[in-house]
């Protein structure tokens with residue numbers, strides 16, 4: 001006999017069942033109680049939701065009531081859903097045709113409904129504060145735009161977008177600064193599109209642009225235009241820059257433009273020819289404003305927009321300035337374009353670190369002659385054969401030479417100003433799609449390239465200004481991902497490195513070149529992954545040969561040799577972990593107690609080793625904490641030193657990675673072990689400060705050279721400081 005709770009519901013589904021008079025009366029009482037309970041429950045629910053009970057509302061259909069009861073959180077609904085347990089379903093098997101299926105369907109609906117409520121509650125609990133603040137429902141964003149944003153993978157607004165949406169949407173002037181990779185383009189694109197679509201007028205042919213976005217590079221202009229196009233289907237977006245056809249741009253002007261993005265040079269050309277009318281501008285955006293208002297672009301920007309601005313007029317276009325780096329001079333120069341009352345959003349502010357917080361900054365000391373080979377090793381260890389990397393060089397010639405570097409095993413392509421625009425676009429498209437893994441570029445790729453999959457950025461030398469370093473390193477670690485930036489330097493460039501640390505608020509981790517073990521591990525992983533692409537049919541052809549190899553060499557040795565050959569690592573040439581020079585091995589000598597300087601280590605070496613062995617020791621420097629030293633010896637001498645070393649409290653070893661050291665400076669940058677710096681001492685092995693004549697002379701020369709370099713560097717810095725900043729000069733290193 002079914003339970004009483006189900007009786008009233010199954011009456012419509014079942015054939016009439018025989019029942020006694022007492023059972024019939026009991027059933028009628030139960031139905032009346034249930035009906036009264038349901039009506040009271042619905043009244044309470046309506047009162048809670050609406051504040052008052054509306055007696056004029058039409059009664060809800062029975063199916064709707066049932067759905068509300070099943071999906072609600074009332075005890076009645078929960079009890080009802082409990083009735084559809086597996087045991088109850090098994091008891092209904094004898095019902096007429098269709099009844100079991102109907103109950104099972106209801107059971108599944110109830111279960112899935114409860115599960116969806118639980119999962120939504122759980123999802124709401126796991127939302128971060130950033131996601132809650134950036135929820136689309138908090139902003140005036142249309143459903144159409146939200147759909148397009150989700151198509152781009154954007155599910156909520158990032159902090160810079162949250163902070164700037166209101167001021168931009170309300171038409172206020174704004175200066176905004178945020179770190180690279182935090183979504184600055186959408187910060188102005190989303191509210192501007194919503195504002196234009198809200199006030200959209202009748203679409204006319206040949207209409208003048210209402211929004212002008214100026215960017216310093218073609219690549220950035222292209223990226224910004226794409227971001228606009230991705231989130232609007234109603235507005236016309238055009239992108240003008242050099243190296244492309246004038247005629248196609250003229251056709252776009254004739255058809256009408258709502259949002260114009262471009263570089264100053266090409267837009268100025270269209271203005272001077274009279275083809276482009278900017279008299280109807282309502283919004284002006286300068287992206288990467290620190291570069292747009294610098295001497296290289298400031299005059300062109302002024303020529304383009306000056307007619308749209310009148311002194312102290314509230315009718316001037318809304319002005320929006322965005323960048324990751326905003327020196328103080330930017331604010332001073334920008335005031336002539338801003339209304340007297342403007343908003344300022346700064347997500348960097350007085351924080352020490354100006355660069356992206358998702359990037360790890362490494363520095364490798366390396367002579368320029370060794371750099372191409374070491375860069376190949378760095379790519380292998382930190383990026384692998386599948387990762388994507390960007391290498392920045394200072395000149396176009398360096399870019400071409402680096403891309404042809406035989407030590408770079410991955411396919412690499414060039415990007416610089418002398419390459420035709422059509423080829424530049426093909427190159428960038430291929431890099432985005434992963435057709436090749438390494439992009440070698442000048443500063444044209446430092447700003448605006450938004451490719452989250454970039455794992456590694458390599459700067460072949462410290463850049464000429466801090467802003468360039470920040471923007472270059474910001475090509476990785478984007479959209480919440482982490483990345484690595486490796487900066488190569490020579491001893492004479494230590495001052496530039498320290499200046500970048502100070503101004504960017506970062507600390508470089510000094511590391512050595514990738515060790516042999518690092519390379520073996522990385523290459524073996526790539527080789528193992530490559531085996532997965534071999535088909536079983538191909539494997540069958542090689543089974544006899546494999547069997548012979550196993551019999552001759554053994555399974556492990558045979559496979560190890562095969563992996564070494566596949567990875568191209570059949571031999572390794574040791575390098576100094578200190579200077580990256582070939583043919584040297586770095587060794588550490590750890591002291592049982594703290595030492596004052598390297599002279600203590602020299603004394604211990606002279607006491608335990610032959611003079612011939614000691615004469616090969618070079619580039620000695622203190623370990624962090626003064627608990628020992630590290631130094632280089634020729635590869636041929638490393639085993640002899642270890643064999644001679646015994647009966648000492650000091651521990652001599654060969655490290656796999658460069659330990660933390662006090663900064664090393666090789667005064668003459670020579671790799672000859674007999675030419676010592678001031679720290680390394682003379683041939684007798686004593687300290688250069690107090691040692692033999694040769695060591696002392698070399699030490700004095702080293703220190704004098706250092707002081708001379710400091711004086712020259714000081715004069716250069718003084719010259720830079722005396723330079724006028726009114727035009728937006730950046731801190732340069734000559």
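Cβ atoms are placed via backbone N, Cα and C, with glycine included.
These come from Swiss-Prot:
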type     : residues                               : note
COMPBIAS : 38-51                                  : compositional bias 'Basic and acidic residues'
MOD_RES  : 41                                     : phosphoserine
COMPBIAS : 67-86                                  : compositional bias 'Basic and acidic residues'
MOD_RES  : 81                                     : phosphoserine
MOD_RES  : 85                                     : phosphoserine
MOD_RES  : 113                                    : phosphoserine
COMPBIAS : 115-131                                : compositional bias 'Basic and acidic residues'
MOD_RES  : 119                                    : phosphoserine
MOD_RES  : 120                                    : phosphoserine
CROSSLNK : 122                                    : SUMO2 cross-link
MOTIF    : 134-162                                : motif 'Q motif'
DOMAIN   : 165-344                                : domain 'Helicase ATP-binding'
BINDING  : 178, 179, 180, 181, 182, 183, 184, 185 : ATP binding site
MOD_RES  : 244                                    : phosphothreonine
MOD_RES  : 515                                    : phosphoserine
COMPBIAS : 717-734                                : compositional bias 'Basic residues'
Applying the rule Cβ within 8 Å of the centroid of the Cβ atoms of 178, 179, 180, 181, 182, 183, 184, 185, what extra residues of the same chain belong around the ATP site? 158, 160, 187, 324, 474
Measure from the Cβ of residue 185 (ATP binding site) and count the other Cβ atoms within 10 Å, all protein chains considered. 22
Just to be sure I understand, if DSSP states are collapsed into helix, strand and coil, how many residues of the motif 'Q motif' (134-162) fall in each? 16 helix, 0 strand, 13 coil
Round to the nearest Å and give the CA-to-CA distance linking residue 244 (phosphothreonine) with residue 185 (ATP binding site). 23
Would you kindly give the Cα-Cα distance separating residue 515 (phosphoserine) and residue 179 (ATP binding site), rounded to the nearest Å? 33
Taking just the CA atoms, what is the gap between residue 185 (ATP binding site) and residue 515 (phosphoserine) in Å? 41
Round to the nearest Å and give the CA-to-CA distance linking residue 178 (ATP binding site) with residue 515 (phosphoserine). 37
Validating a neighbour-count step here. Other CB atoms within 10 A of the CB of residue 183 (ATP binding site): how many? 20
Roughly how many angstrom lie between the C-alpha atoms of residue 515 (phosphoserine) and residue 181 (ATP binding site)? 31
Under DSSP, is residue 515 (phosphoserine) part of a helix or a strand, or is it coil? coil
